[in-house]
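This report refers to the structure that appears directly beneath it.
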Amino acid sequence: MSALLGILGVVLDARFGEPQGWHPLVAFGRLADRLERRFNRSRLAGEADPGVGWRSHGVTAWVLAVLPLTLLAWALAELPYLGWLVQALALYAALGLRSLGEHAEPVALALRAGDLDEARRRVGYLVSRDTRELDQAGVARAATESVLENGSDAVYAALFWFAVAGAPGVVLYRLSNTLDAMWGYRNARFERFGWAAAKIDDILNYLPARLVALTYALLGDTRQALRCWREQAPQWDSPNAGPVMAAGAGALGVFLGGAAIYHGELHQRPLLGSGPQPQGRDIYRALALVRQGVLLWLLVLAGLWAMGWLHA
């Protein structure tokens, strides 16, 4: 991995954001839909029966979706003269730091203006829960949770896998993460077919998530963040989101989690963090935490490069 190319990828994302009009992941999403229609038997059966929707079909679909593009990224990254450009563009396409701010900041602005309906509408672009009945604290909580968790998935984990394996690493991660978002549901349609996508995403996010939790702790209320991570994260249903959100909530000094409505059903989630309910300004604080953490990671990468541990 080139530390300088990693910095270049982050700069490109900060300057240009997501590609306008066309994004590689949009085309990949269409491919994933076609593969799911072809291989997911439980899509037709409408039930997670042992006789249909075998996990092996999900594994096959995952391999067909991810491995050819990962190998293509590896081959292109090895090209003389053009390989460096492929590396930087691969990271740029995988990052979502600027996009995260572009989606979260309007929520905070609407809350500041007292426009709760607009805040609910805006936060609906960030989260999958039902936002129609959220009060101001509920909107701020949903947005803050999304910033902390998506900061891990869409920013830090991409940087991690780019640091480990360059363009093929970040392509492998980003495509796997996208398939988890599309197939990783615990329902009749996807419970068997999406099992591989969900498990692979858990594996790929295991180390990055814990580095992110440590980053949040170092940049916020360290003692409280570490305590929340240790005591509260095991209660969360996701092995990777738990440490990230617990440490992030502790670092910010707010409460996250609690009751939320998903697809018409009330879910009682564990409470994370310590302190008051979040407000609109805490959305900005969460964004600042994510951005400061990215700068810290880039400084660490630059330091490793200066010591000769990473090539230029």
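Just so you know, glycine gets a Cβ as well, placed from its N, Cα and C.
Features as listed in Swiss-Prot:
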type: TRANSMEM; residues: 59-79; note: transmembrane segment
type: TRANSMEM; residues: 81-101; note: transmembrane segment
type: TRANSMEM; residues: 153-173; note: transmembrane segment
type: TRANSMEM; residues: 241-261; note: transmembrane segment
type: TRANSMEM; residues: 292-312; note: transmembrane segment
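Among the recorded stretches 59-79, 81-101, 153-173, the one sharing the largest number of Cβ pairs closer than 8 Å with the transmembrane segment (292-312) is 153-173. Non-local neighbours of the transmembrane segment (81-101) in the same chain are 2, 5-6, 8-10, 12-14, 16-19, 23-25, 73, 147, 150-151, 154-155, 158-159, 162, 166-167, 170-171, 173-174, 287, 290-291, 294; each lies 6+ residues outside the stretch with a CB under 8 Å from one of its CB atoms.
Cβ atoms under 8 Å from those of the transmembrane segment (153-173) belong to residues 1-2, 6, 9-10, 66, 69-71, 73-74, 76-77, 86-87, 90-91, 94-97, 99-100, 204-205, 207-209, 211-212, 215, 290, 293-294, 297, 301, 310 of the same chain, restricted to positions at least 6 beyond its ends.
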